Structure formats: C-alpha cells, structure tokens
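Okay, structure first, notes after.
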Amino acid sequence: IASIDLTRDTSGMLSSMSPYVKVSFGGETYETDTKFEQGKQVEFDHKIELGDGTGDGVVNIEVYSKGTFSDDLIGTCRICVDQLKVGDGVKDSFVLLHETESAGMIMVESVYTKPELPEEAPKEEAPSEVMQEPMAQQPG
C-alpha cells in the first residue's frame, strides 16, 4: 500500500482523519499502521506479502479512520489479483468507493515474481519398432 488521496472526510470540525488500511486476500487479513491526524493525503509505504497470489483471486481493500469510540469506513475497493501480477509488478491507482460514491484513490504498488516451472525430465526415446518381415519358409 503506497498512499491514499481521499475526497471523503469522516473527521469532525476540530480534528483530522487518522486513516489505516485493511487488506484481505486468500483468507488472511492485514492492516497498516494508523496514521494519526494525517488527514486525507497519506503516505503508507506498507508492504504486505500475499504469497504466490493464487488465493481466491480478489484483493479486498478497506480504508478506515480511527475514531475515539468506533472506526469510520471511508471507502473500499476490490482488485483482481491478476491486475497486480503484470510483468514484474505494477504501480497503479484504484478508486475507493463508499456505497456508490467515490471516496478517493488508493495507490497500490506490487512486486511480482513468476513461479519457477519445474524442469522437465529429459524424455527417453522410445525404441523404434522394427517391423520384421516373416521369414520365408524353407521347403523341407
């Protein structure tokens, strides 16, 4: 998670938002540190290891603002994991939605290493079948 640039503000008049990001993939949930009183434009530079990227195929991202009594959902997005496995990885922005309205953008940077394919064992050449002609019967 590189950064967020939010348009939706859940803070009160006298404070700034304290955002953090939750990422769910393959049955695991990861969370960034909270950036206390950082507002709507925040750098995270938080690395999350998603394994070999073969989970359920969708990375779910939720951005929250830490509150005194409860945390406020700012926005969410769903990213197909294949979008993060292009070349050696990507750096791209994705729209965060709150219900049906844009809540801002999240910049995601991925690093992708293609899995090594197992080496194929050398194929043994099958012995060629030699067709033998029937032996001529000798008169006897």
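The count begins at 1 with the first shown residue.
The backbone N, Cα and C atoms fix where each Cβ goes, and this holds for glycine too.
Automated prediction, rather than curation, is the source of TrEMBL annotations.
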Segment assigned the feature region 'Disordered' in TrEMBL (from 37-62, 115-140): 115-140
Within the domain 'C2' (1-94), residues counted as helix, strand or coil by DSSP: 4 helix, 39 strand, 51 coil
